[in-house]
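The following features are taken from TrEMBL:
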- Lys202: active site, proton acceptor (ACT_SITE)
- Arg184, Asn439, Asn483: (S)-malate binding site (BINDING)
- Glu274, Asp275, Asp298: divalent metal cation binding site (BINDING)
- 108-289: domain 'Malic enzyme N-terminal' (DOMAIN)
- 299-552: domain 'Malic enzyme NAD-binding' (DOMAIN)
Amino acid sequence: MESAAETEKEEVSAAGGGAEDKYCEDTANEEVPVTPWAFSVASGYTLLRDPHHNKGLAFNEKERDAHYLRGLLPPAVVSQDLQVKKIMHNLRQYNVPLQRYMAMMDLQERNERLFYKLLIDNVEELLPVVYTPTVGEACQKYGSIFGRPQGLYVSLKDKGKVLDVLRNWPERNIQVIVVTDGERILGLGDLGCQGMGIPVGKLSLYTALGGVRPSACLPITIDVGTNNEQLLNDEFYIGLRQRRATGKEYHDLMDEFMNAVKQIYGEKVLIQFEDFANHNAFDLLAKYSKGHLVFNDDIQGTASVVLAGLLSSLKVVGGTLAEHTYLFLGAGEAGTGIAELIALEISKQTKAPLEECRKKVWLVDSKGLIVNSRKETLQSFKKPWAHEHEPVTTLLDAIQSIKPTVLIGTSGVGRTFTKEVVEAMASFNERPIIFSLSNPTSHSECTAEEAYNWSQGRAVFASGSPFDPVDYNGKIHVPGQANNAYIFPGFGLGVVISGAVRVHEDMLLAASEALADQATQENFEKGSIFPPFTNIRKISARIAASVAAKAYELGLATRLPQPRDLEKYAESCMYTPVYRSYR
């Protein structure tokens with residue numbers, strides 16, 4: 001019978017889902033001295049320009065002698081904490097968010113551990129810099145600010161050679177890929193090849209918030225052209241200058257890409273589809289979910305974090321999920337994805353058929369309320385939400401007719417939750433639940449201030465982009481942010497540590513419930529339905545443990561035997577950015 005010490009040693013050695021921790025990135029290996037290998041031992045000038053190993057002025061005297069750094073650095077030796085303090089001071093001097101973004105990306109390319117230490121220690125301040133809303137502007141101007149390339153670009157020119165392109169990436173132990181074709185970047189539309197900012201940003205959050213090793217993350221952009229005339233005529237545009245490929249040409253390239261990923265990295269690499277247009281997003285998820293480990297954050301990640309917000313809201317407004325009525329403005333990837341997960345959770349709680357549970361959820365698209373009489377003209381992903389009701393063309397009329405208790409905006413159109421809309425919700429709900437989820441901030445259906453003012457401070461509000469606290473009649477309301485970053489980093493870590501081979505909807509429900517369980521009465525009293533982001537690494541570890549437990553329960557996990565304490569194991573597998581001592 002094996003000893004507890006032997007078991008613990010095996011669990012530590014398998015941290016990160018069993019992949020070798022060659023850079024000593026995981027918490028479990030934090031105290032292990034390392035050799036700074038590149039293709040040979042990195043030293044001198046080369047070491048200072050290797051982002052994996054560079055420590056800048058934090059190299060101590062012994063390391064400077066051992067690695068030929070004498071004279072290449074000023075004499076001062078400083079701590080990593082002092083480096084963080086200096087860079088935060090410098091970042092706060094910038095008035096333009098895009099300048100902060102560029103400074104952060106530059107740091108990531110110079111000193112990887114310092115970048116993640118900075119982001120982890122200042123997550124609430126820097127999250128809007130490295131991701132939404134600033135990343136949207138960065139993508140729009142990506143050609144102009146493009147410096148050192150990040151990630152892999154797979155284009156139509158690479159057809160027949162995609163496997164060779166993937167082999168050009170220097171790492172082989174890839175565990176998470178975020179891929180986009182740039183057609184629907186946030187609420188900004190088709191940004192083509194310049195959508196690369198999204199996979200780069202998402203994966204920096206997988207590492208900072210979820211603890212997935214940076215060396216195990218691969219951002220990819222599939223460039224099939226763009227229909228954005230402004231970009232096609234922009235002399236600084238970095239992508240193919242042609243109209244978007246569609247149909248067979250598009251799907252053949254995607255097939256080649258998906259098969260190449262499985263061939264080179266195996267079937268346990270998580271492929272996250274990001275910011276694909278509706279007409280491709282649903283088809284790609286349905287097509288590849290049976291044979292690959294795939295996840296669409298816009299459909300499934302958004303749904304999971306919003307469901308968590310709703311489960312938390314019930315602790316404030318009362319009732320069960322099945323006792324509420326839901327109305328969506330927006331019936332695209334996010335709207336239908338959230339709607340489906342709500343219906344699944346209601347079905348799980350009540351044991352009622354899924355079709356019956358869907359009748360609690362109503363959707364409004366650009367043509368009005370989705371009803372049975374429109375069924376023949378609806379896209380396939382909207383048809384399950386066509387219920388029996390007379391035609392209604394406006395959101396306000398739909399609210400007055402259906403009388404929802406929950407209003408959710410996923411339209412991508414700013415200021416559509418007007419004063420009349422919010423007042424109507426407040427007229428028949430003591431505590432109306434209003435989620436304004438569209439990104440970036442300019443596309444939000446309403447602001448936090450509008451939601452609180454127009455509902456006399458009674459709204460239970462959450463948004464997709466961050467809003468400042470609101471003072472209404474002397475009470476400070478701290479709006480919750482239904483940010484996917486609560487879910488996907490921990491979800492990805494749970495998939496990695498369990499060695500899951502497929503994503504099941506029950507794993508998404510487990511992630512939602514784990515997040516909702518961490519919201520406290522103290523959060524509710526401040527007006528927020530989500531726990532504070534300052535605790536995100538702990539939150540992610542608990543989500544990872546819940547997701548991994550569900551994967552084991554469903555028979556989808558391959559990392560055997562199952563660790564005894566999944567949360568503790570998840571924490572031991574998490575990347576830590578603390579500098580290592582060099583031999």
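Even glycines carry a Cβ here, placed using N, Cα and C.
Any TrEMBL annotation is an automated prediction that lacks curation.
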Within the predicted model, mean pLDDT of the domain 'Malic enzyme N-terminal' (108-289): 96
Among Arg184, Asn439, Asn483, which the record lists as binding (S)-malate, the farthest-apart pair of C-alpha atoms sits at a distance in angstrom of 18
So if I measure Cβ to Cβ from Arg184 ((S)-malate binding site) and keep only same-chain residues at least 6 apart in sequence, which ones fall under 8 Å? Asp190, Asp275, Phe276, Ala277, Asn278, Ala281
Cα within 10 Å of Lys202 (active site, proton acceptor) is the criterion; apply it to the binding-site residues Glu274, Asp298, Asn439 and give the hits in sequence order. Glu274
Nonlocal neighbours by CB distance (under 8 Å) for Asp298 (divalent metal cation binding site), same chain, sequence gap 6 or more: Phe273, Glu274, Asp275, Phe276, Ala281, Glu333, Ala334, Gly337
Using the recorded divalent metal cation site (Glu274, Asp275, Asp298) as reference, state which further residues of the same chain have their Cβ within 8 Å of the centre of those residues' Cβ atoms, listed in sequence order. Thr180, Arg184, Ile185, Ile198, Phe273, Phe276, Ala281, Asn296, Asp297, Glu333
Within 10 Å of each Cβ, count the other Cβ atoms, then let me know which of the binding-site residues Asn439, Asn483 comes out lowest. Asn439
Residue with minimal Cβ packing [other Cβ atoms within 10 Å] among the binding-site residues Glu274, Asp275: Asp275
Could you tally the C-beta atoms, other than its own, that fall within 10 angstroms of the C-beta of Lys202 (active site, proton acceptor)? 27
